[in-house]
Amino acid sequence: MKYTVVQRGDEVSKQLTERFHQLVQGYGLILDEQSPDLVLSIGGDGTMLQAFHKYVGQLNRIAFVGIHTGHLGFFADWKPDEIEKLAEMMRLQVGNADIPVVSYPLLEIQTITESGMETSLALNEFTLKGVEETLVAQLNINDEMFEMFRGDGICISTPMGSTAYNKSLGGAMVHPSIEAIQMAEIASINNRVYRTLGSSVILPKHHHCDIYPRTKQHMLLSLDHLYVQRGDVVSIRCRVSPDAKVRFARFRPFPFWSRVREAFIATN
Ligand code: NAP
């Protein structure tokens, strides 16, 4: 089995990375940064986002797994003192072509600009915000006008991303086995002139939404942790990716609702 590590860069993550290399290379795993079968992220959920985008072109063959060196993460759910256990789980997979995995849906974003079309994938979410003024955009669902949005911005998240920015916006937690995307408003203006739904909307896999910003509006677009400012966007189509999924190595069960409870509710 070929593996690689993406780590946060702090002292603890660096030391754990060294320890992990020693352990698994002793078990016959091969370090291969170009085309790994398994990518270990050591750091936080933000580190997993970096790992995901680094290997986004090889999603159909890579499985991800994460160790957290801070608080419990949604993507990084192994504790630092479990590193030997994780390495042992990998040893058991040497020579096995099928690592046990779970696959979760991703958000596909098709951006039409004045110069062409770009397609990208988000693990957590895509957001769109006005830069020098409030965002004004028409929102269509399945090619029918839904609402005219005016406010700070719009956040479209995956089920895995429902626990991230979407949660801060009052969106629902969505179990990652549900193939859906969620659209949440960021501080919409609602008065007698401008009206939006005011609550988040969950779209199933066979639906799509299109966002048409006001012509030449200068906007800040984010794809997970990556940000870019643009003034040439004509429209943006969001849907559950019809063919790409993210695969996480599942060496032991850790139910989603247990993670939600441990991350947000448990006090011990
Ligand atoms: P960051 O601003 O340094 O950290 C954002 C926080 O979100 C970190 O605590 C991170 O966990 C956590 N996080 C990331 N993905 C998560 C998930 N799926 N479920 C629960 N928590 C999650 O930025 P970053 O580390 O580069 O991460 C980028 C993400 O930040 C974006 O994808 C977006 O979801 C989130 N964000 C949130 C807000 C908000 O809530 N108001 C605003 C902007 C961006 P770790 O500490 O384990 O890395």
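Cβ coordinates are placed from backbone N, Cα and C, and glycine is handled just like the others.
What TrEMBL says about a protein is an automatic prediction, not a curated fact.
What TrEMBL lists as NAD(+) binding site is D45, G46, N124, E125, R150, D152, T163, A164, Y165, N166, K167, S168, A187. Feature annotation from TrEMBL assigns active site, proton acceptor to D45.
Mapped onto this structure are the features recorded in TrEMBL.
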residue: D45; record: NAD(+) binding site; DSSP (3 states): helix
residue: N124; record: NAD(+) binding site; DSSP (3 states): coil
residue: R150; record: NAD(+) binding site; DSSP (3 states): strand
residue: T163; record: NAD(+) binding site; DSSP (3 states): helix
residue: A187; record: NAD(+) binding site; DSSP (3 states): strand
Should we count any of the binding-site residues R150, K167, A187 as near ligand 1, judged by a CB under 6 A from one of its atoms, and which? none
Hey, of the binding-site residues listed (N124, T163), which one tops the CB count within 10 A? N124
Measure between the Cα atoms of every pair in D45, G46, N124, E125, R150, D152, T163, A164, Y165, N166, K167, S168, A187, the residues the record assigns to NAD(+), and report the largest value in Å, rounded to a whole number. 31
Go through R150, K167, the listed binding-site residues, and name the one with the sparsest Cβ surroundings, counting other Cβ atoms within 10 Å. K167
Just going by other Cβ atoms within 10 Å, which of the binding-site residues D45, Y165, A187 has the emptiest spot? A187
